[in-house]
Structure formats: C-alpha cells, structure tokens
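What TrEMBL says about this protein:
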DOMAIN    23-287  domain 'NADH:quinone oxidoreductase/Mrp antiporter transmembrane'
DOMAIN    289-341  domain 'NADH dehydrogenase subunit 2 C-terminal'
TRANSMEM  60-80  transmembrane segment
TRANSMEM  92-115  transmembrane segment
TRANSMEM  151-170  transmembrane segment
TRANSMEM  177-195  transmembrane segment
TRANSMEM  201-221  transmembrane segment
TRANSMEM  233-254  transmembrane segment
TRANSMEM  274-293  transmembrane segment
Amino acid sequence: MNPYILATLLFGLGLGTTITFASSHWLLAWMGLEMNTLAIIPLMAQHHHPRAVEATTKYFLTQATGAAMILFASTTNAWLTGQWDIQQMSHPLPITLVTLALALKVGLAPLHSWLPEVLQGLDLTTGLFLSTWQKLAPFALLIQIQPTNSTLLIMLGLVSTLVGGWGGLNQTQLRKILAYSSIAHLGWMVLVLQFSPSLTLLTLFTYLIMTFSTFLVFKLNNSTNINALATSWAKAPALTSLTPLVLLSLGGLPPLTGFMPKWLILQELTKQDLASTATIAALTALLSLYFYLRLTYAMTLTMSPNNTTGTTPWRLPSTQTTLPLTISTTATLLLLPLTPAAVALLTL
C-alpha cells in the first residue's frame, strides 16, 4: 500500500477514536465511530484475497448495523427526554438499545459471531488493530453512559466469558483462538462495568498489552495455525521459552500480569453480593486456560515435521523490529507487583 494512503488511513483511524473520546453529543460520537470504521476497511481489504474481501464485507455490515442502532437509540432518547448529551441518557429503552449496539460493535456474545470469521480473514497486523484499537471507542461510550440495566450487563458478561472459552476449544487457527480470547476478556470487562468503571479500564489496558504481545509473537513466527507454532523453537528459542508465559498471562494465572484484573474483578463481584456470578466467571476462565495450554504445548513440547514445508519457514531470518515485542512481553509478564498502585488509582 502507498505510504501516503496508509498514513492518511491511520490518521483517520486515530482521529475517529479521538473524536468519540472527546464527544459529549451523540451525533459527534456516532461520527467518530463511522470515521473509525471507514478508515480500517481499506486496511482490511488491502490484500486482494477473497477471504479478506469477505471479512471486510462482514465487518462493514456489522459495524453499519451497530452504528444505525446507536443513531436510532440516540434519536429515541432525544425524542423521549429532549437530551442529546451522552451522559444524560435516563430512559431505559434507549440505554438498552445503545448497550446492545455497542456490544455488537465490540463483539460481545451473543452478538459475537462476526468476530472470529472477520479476524480469520485478515493478516495479523490488521487483526491486531481490530482486536485492540477498535475496542477503545465503543468502550469509552459504554463507560460514559453507565448502563443502568444490571441484569443485561451481567448476562452479556457471563455469556461472553462462556462463549469465549467454549468457542476456542476446538479451534486450530490462531486468529480464531485470539478472537474467542477477545470475546472472553470483553465479558470480564462488562461484568464489572456498572460497579467499577475504572476497573473495566484497567482490565481493558492489561488486555491490550497482552493481546499486542501475543499478536506480535505470532507475526514474528509467521504462524497462523497451531501446527506452525512448532517451528518457533528453531527460529527464536528465547522467545519460545517466554511465549508460554505470555499465553498463561492471557489465561490469568498468577504471578503474571493477567491475574491482576481477574483477581480484582472477582473481589469486586463478591463485594456486590454476586458470589454465584463470580464463581461462574472463574469457572469459565478455566475453559480459556485450556486452549492457552494447548498453544503452549504445541509451541514448546512438539517437534515440527522434518520436511521441506516444515523446515523452510525457520531457515529464513526475520527482518521485523523486535522492540515493541520486547516492551509488551515484559509488561505482560511483570506488572503484577504494581497491583497495589493500580488499586490506589482505582479508588481515587
């Protein structure tokens, strides 16, 4: 892609998210979301492959539906209450509609079925953008509207953690596994959204770091399915020994960074007398942990086939810059001791 076009699209992507962050009026927020969608579509379709074009079309239709629902909900709110302000949503009907529309935009279950299919059709770089940057603007809106329908949020959260764990169990494609991992993490964020929005932000921040690290590992190894992971020991032995820890951090095992948000969310849910919800959420985390362990096993304890197809990938040296990977991997593994500082920030 022409660097000038790429720069323009990335600028549009950043500007769309920033406009949504800065807006207090529904029309401006909607415009930011639309700019965001329109900027990423050429990036998704840049490889003229039928699979990429199909993924782009699915993404466009889903996001257009979500945007139309947001516009409809905000108009309904203005009609019922006379308010266009994002933080002045008081009627239950538009609040429920906009919550469902934003759930569709980020890929929360049961409105998730587009996400694994779309992510599977993209290359790892665009997939990284879709899994991280594209979640920011809808979550900023969700946190601002402070949804009052607690049953809806808890159901969305629990179904997402369950579907995210269950859906990834029988997958062999890494991008689909990461999509289901994303759905499960989003479920954890939504579970605690109404009780502690700052904890949702902390969870989103740690999810972004861990997902960034995982995508970069797969990109460096040029792996798109589980079998291709077995060649990584010959390509980058040091990275192969660290990647299982990154994956287990995504699964939420102590003493890694991923344990911090899960621990704090379970604590918050218990404080709110939702012990049964916390128990179900903790059990669904085991499902996710299983497929992270599968990836760990495939990467460290299996040998790649000793044929031309198996040995060619790791004989070619990688030319990618490794500084972002180094920083994100370090953050993914070592931020748990900062939990007291995070808790102090949450209580400000």
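Positions of Cβ are set from backbone N, Cα and C atoms, glycine also.
Same-chain residues lying 6+ beyond the ends of the transmembrane segment (92-115) with a Cβ under 8 Å from its Cβ atoms: 33, 58-59, 62-63, 65-67, 69-70, 72-74, 76-77, 80, 134-135, 138-139, 141-142, 145, 147-149, 152-153, 156-157, 159-160, 162-164, 179, 182-183, 186-187, 190. Within the chain, the transmembrane segment (60-80) has long-range Cβ neighbours (under 8 A, six or more residues past its boundaries) at 26-27, 29-30, 33-34, 37, 41, 89, 91, 93-95, 97-98, 100-102, 104-105, 114, 118. Mean model confidence for the domain 'NADH dehydrogenase subunit 2 C-terminal' (289-341) is a pLDDT of 82.
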